[in-house]
Amino acid sequence: MRWLLRIMDTEQSGLHQAALLLGGSALASQILALLRDRLLAHTFGAGRELDLYYTAFRIPDFIFVAVGSFLAVTVLIPVLLERERVSGPEAVQKMLGTLLVFFALSMLAVTVLVLPLIPHILPWLAPGFSPTELVTLRHLTYVLLLSPLFLGLSNLFGAVTQARRRFLTYALAPLLYNLGIILGVIGLYPIFGILGLVYGVVLGALAHFLIQLPVVVKAGMFPRFAGMLSWQELKPIVSRSLPRTLALGSNQLVLVFILAIASTMTVGSIAVFNLAYNLQSVPLALVGVSYSIAAFPTLARFWSGGNHTEFLSSASRALRHIIFWSVPIAALFIVLRAHLVRTILGSGSFTWQDTRLTAAVLAVFTISVVCQSIIQLVDRAYYAVGKTKEPVIAKLLGSALAIAATFILVSWVELGPIWFNGLTNILHIANVTGREVVVLPLAFSIGTLANIFFLWYLFDGSAPRQVVYDVGRTLGDSLLAAFFAGTAAYLVIRFTAPYVDLQFAPWVFAQGLLAGISGIVACIVAFSFLRSKELGELWGALHRRMSKMVPVQPGPEDMK
């Protein structure tokens with residue numbers, strides 16, 4: 001056991017090393033998440049049970065944003081690093097203790113306030129549900145109210161593990177969270193029914209929190225309670241967190257509004273939307289979130305240390321690699337959307353119609369996945385320098401536009417516009433019942449594109465010309481490589497189509513795998529021909545990592 005704790009307490013230095021570790025763990029987490037979704041789709045299909053399950057998260061998620069986001073690592077890390085630099089580790093312990101008490105009291109107060117209001121709120125969140133379904137939804141929501149508590153505590157201790165660059169521990173947390181949900185589907189659902197699903201979620205959230213404890217204790221950073229709450233301790237956190245809470249709250253409002261509209265559409269529309277959203281989150285987690293998390297502590301250290309040149313260089317490097325990865329991946333996701341959905345979700349109760357709708361929604365979501373990845377980094381860069389106004393304004397404007405777009409697009413669909421018929425024809429769902437759900441990810445993508453536009457508009461333009469040139473060249477190279485990757489994958493699908501039975505999952509997987517490999521090879525060749533700087537940096541990082549890698553083995557004293 002001690003050798004395992006020693007591995008978890010290992011520091012990961014360097015952007016690419018940390019990003020590759022986080023990317024690898026994110027891949028493992030996403031594999032578990034896909035297994036989770038496959039089990040849900042296999043068991044329920046895109047039906048009302050999954051609609052209820054996904055809708056039950058709305059109020060707990062909103063509470064987590066309202067309270068738990070005050071302990072977000074993007075806000076805590078710069079403050080903790082500055083406090084440790086000025087006053088030492090004991091001051092950090094005192095601050096963590098104050099934050100822990102503040103969070104617990106705030107969570108208790110909000111939960112007590114919201115609990116009696118839930119029966120009155122749910123009919124507004126899901127106007128398309130029947131009275132019986134609303135009763136079930138209420139019970140699911142009550143259980144899920146425990147998850148914001150555990151996830152908020154995990155955020156608090158996760159800030160310590162990230163600040164100490166113990167990314168392995170931080171990366172294991174979402175793995176355990178998904179394992180808890182999988183346990184709920186496999187083990188608890190047969191016993192408790194649909195309530196077993198949310199029991200699994202709560203167990204996963206608890207594990208998400210507990211995995212952080214050993215590193216925090218070993219680092220000597222376990223919170224120390226110092227009596228009364230000190231506003232001087234809370235003020236820098238609250239002042240920085242409030243704008244971020246508003247931004248995240250606006251994003252939750254977008255999802256609440258979209259899913260409320262989805263509840264009035266064909267049964268299963270909420271499930272289709274969420275399953276596709278989870279699939280498009282795979283490249284976002286592997287690339288955008290991984291590089292952003294890896295870069296953030298470094299950005300915060302450079303800025304707090306007054307090294308602004310290195311700060312800009314590190315941010316530029318992370319941005320270039322996010323673009324380098326995410327643009328070709330997005331192209332392949334669009335081309336291989338049906339193969340991805342059918343291979344990952346297509347079993348049991350998940351029908352061919354469910355597959356076609358989910359694939360179409362995934363394609364529309366993927367339009368904005370590059371922007372979502374960039375936003376992850378840009379927001380963290382702003383927080384690293386203590387600027388919270390710009391990302392909040394951009395997020396609020398983007399969210400407002402997404403809500404407006406949802407209302408307008410749904411209203412237009414009822415009129416049968418030519419553009420909607422053209423869109424459904426392109427996505428091959430013109431004759432599929434429930435195709436109106438495709439306008440919901442379109443509205444979401446419009447809001448995301450608006451968000452990044454406003455971030456660019458609010459940028460003060462102080463970046464050196466060389467940085468702008470490097471990022472622009474990377475974007476151009478990535479778009480060209482994505483074109484070749486998508487074209488290669490599409491041609492393989494076209495040429496093999498006469499020999500593949502799309503109703504037979506192994507053939508679908510084989511065709512998609514061959515097309516995907518062809519696309520990846522074409523992408524690498526294109527980047528090599530273009531002499532991509534990012535490709536060279538990636539190979540160099542991998543070579544250095546492999547040459548320095550020493551297997552970690554338990555010592556004699558650990559073999560017990």
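Cβ atoms here come from the backbone N, Cα and C positions, even for glycine.
Annotation source TrEMBL lists transmembrane segment at 62-81 (among others).
TrEMBL lists 101-122 (among others) with the feature transmembrane segment.
Annotation comment: TrEMBL describes 167-191 (among others) as transmembrane segment.
What TrEMBL lists as transmembrane segment is 197-217 (among others).
With a cut-off of 8 Å between Cβ atoms, the residues of this chain six or more beyond the transmembrane segment (253-276) that come close are 37, 40-41, 44-48, 50-51, 54-55, 58, 61-62, 124-129, 341, 345, 354, 357-359, 361-362, 365, 399, 402-403, 406, 410, 433-434, 436-437, 440-441, 443-444, 447. The transmembrane segment annotation in TrEMBL covers 253-276 (among others).
Residues annotated as transmembrane segment in TrEMBL: 282-302 (among others).
According to TrEMBL, the transmembrane segment annotation covers 322-345 (among others).
For the transmembrane segment (357-375), the residues of the chain that approach it from at least six positions outside its boundaries are 46, 272-273, 275-277, 279-280, 283-284, 287-289, 292, 319, 322-323, 326-327, 329-330, 333-334, 337-338, 340-342, 345, 424, 427-429, 432, 434-435, 437-438, 440-442, 444-445, 448-449, 451-452, 455, judged by C-beta separation under 8 angstroms. Look at TrEMBL and you will find 357-375 (among others) tagged as transmembrane segment.
Marked as transmembrane segment by TrEMBL: 396-419 (among others).
Look at TrEMBL and you will find 439-459 (among others) tagged as transmembrane segment. Sequence-distant contacts of the transmembrane segment (439-459), counting only residues of its own chain at least 6 positions beyond either end whose CB sits under 8 Å from a CB of the stretch, comprise 254, 258, 261-262, 269, 273, 276-277, 361, 364-365, 367-368, 371-372, 374-375, 378, 390-391, 393-395, 397-399, 401-403, 405-406, 409-410, 412-413, 420, 423.
For 479-497 (among others), the entry in TrEMBL reads transmembrane segment.
Sequence annotations record features per position, and here TrEMBL assigns transmembrane segment to 509-530 (among others). Long-range contacts of the transmembrane segment (509-530) within the same chain, counting only residues at least 6 positions beyond its ends with a Cβ under 8 Å from a Cβ of the stretch, are 324, 328, 331-332, 335-336, 339-340, 343, 477, 480-482, 484-493, 496, 500.
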Ranked first among 101-122, 197-217, 479-497 for CB pairs under 8 angstroms with the transmembrane segment (322-345): 479-497
